[in-house]
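Colleague: Next up is a structure, given as structure tokens.
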Amino acid sequence: MAEDVVVAGVGMHPFGRHSGRSLKDLARVAGLRALLDAGIGPQGVQMVYSSNAMAGMLQGQEMVRGQTVLREIGIEGVPVVNVENACAGGSTAFAQAVMAIRSGAADVVLAIGFEKMFVADRSRTLDALESAADLDVVAGLGIQFTAVYGMRLRARLADGSIARQDLADVAVKSHANGVRNPYAQHRVQVTAAQVLESRAIADPLTLLMCSSICDGAAAVVLARGGALPQPGRPTVRVLASASTSGFTLDPAGGPSGATLCAQRAYEQAGAGPGDVDVAEVHDAMAPAELLYAEQLGFCPPGDGARFFRSGATALDGRLPINPSGGLASRGHPVGATGLAQLAELTWQLRGEAGERQVHRPRIALAQNSGGWLEGESAAVNVHLLERTQRWT
Amino acid sequence: MDLADALDRAPTGERPRFDLAAGALVGGRCADCGATAWPARAVCHRCGGADVRLGTFARAGTLVSCTLVMVPRPGLEAPYMLGQVRLDDGPVVFGQIIGLDDAEAVPCPVTVQVSADRYWFTPAGLQEPTGERQDETRVSSDETGG
């Protein structure tokens, strides 16, 4: 790698329902926590990539969203790039920040994501979510994200490689991790029976398997290696950053966008899926974790359920997945999610993840997908992070 | 055919999407590589060529997966069924499935149905539809997001 890029600071505003708080309030808390964690002030930020998906439709702030929230925390007069990539906007901001530092354009860059999905009229939020697809093609069909994941999973139930019980058990695991995460939206332990008995949303998905409407923010300070010395703290560096947009499905089949990005990321890092110690994957519906375990190469195709049943993906397993609770339990404020994943993995690699800390991880993978282009996500980013110091 | 020819392609709003006489979808087929897309695009997504020709796809396809959606959307009463269909000589498309009683039968053959401005699928062999569509009812929304 030409230039080391490190994660110098991370911060979040707790995910959940925050009716009395504005986008500025959410972004203020996440942004300031990331700056404090990095040991810098607002004037230390040289460039910003700001992610938000829905404030145009939901708050009416169609333009310059980043600038409007950043001046609340004293960041102005620097390049601010507003990023929108549906549910993958946060990791897209991160990927751009990595490129900015590698290019030499800046040494210290803030990636920040914020979203406020709770509004008075819920149908507006659903309308906004539906616009993460090509409306010219699919408007009026009633394609909701729950249905998209329902179709992906239904085919696997049909071929017998995933059982309904697995879907419920993954949601139980997701909630169990969320309980341990002070930033999580849903911090309630549930049983498999409760999951299966909860309201049907889109067969085979039930309410307790699905992420929900959420408010929240997350931020990451990235820096050129050495630009912000942090003696006494483990260094987390960016090993790989791979992105793709969606593509038209080949009727004959082929690899997913997540698989293509993961392959590129592994290649960049000179590593493979067997080297990953902890992962945050895009489980907008908890059982999606089973599919992504396969697509990211953690287990052979078709083996996602078996891999999960082995306990490998539990907090104490050999490859814990979504220790934060994932999108389904931590919450999924669309434009902030990708950065929340990267914040979680940074805490995990540093050993600062509290009750949900996994055992001494060295390499972490984040996969964040957004939007839908009739079968494939419209945007995918996969990042690999590495702890450079040995655990002692 | 030159890429510049795509500059003069008909506006998207003027490209046909349905062949009412044939009861089928009309999309694009690349004359160079054969890749198909619905609706038709100006440039081929697979080879980058501009010799994309309008064509009528087969009515027959395979329902690859489906889901019964329990959350209503404006204009759609719940439950409604959505499915992923691989057309026999065309692309993968998504749409409503009407008249499929046994979702456990998937994958199964389906037939595309079209009206002036919509399309949907019915199980193969089912009687031709009456053309009746779901009521246009504005309904309340749900807390589940994406």
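Every residue gets a Cβ built from N, Cα and C, even glycine.
Feature list, courtesy of TrEMBL:
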COMPBIAS  B:130-146  compositional bias 'Basic and acidic residues'
DOMAIN    B:20-52  domain 'ChsH2 rubredoxin-like zinc ribbon'
DOMAIN    B:58-106  domain 'ChsH2 C-terminal OB-fold'
REGION    B:124-146  region 'Disordered'
Colleague: With DSSP as the yardstick, break the domain 'ChsH2 rubredoxin-like zinc ribbon' (B:20-52) down into helix, strand and coil residue counts.
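Modeller: Across the domain 'ChsH2 rubredoxin-like zinc ribbon' (B:20-52), DSSP assigns the residues as follows: 0 helix, 10 strand, 23 coil.
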Colleague: Per DSSP, how many helix, strand and coil residues does the domain 'ChsH2 C-terminal OB-fold' (B:58-106) have?
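Modeller: Summed over the domain 'ChsH2 C-terminal OB-fold' (B:58-106), the classes give 3 helix, 26 strand, 20 coil.
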Colleague: On the 0 to 100 pLDDT scale, where does the domain 'ChsH2 C-terminal OB-fold' (B:58-106) sit on average?
Modeller: 94
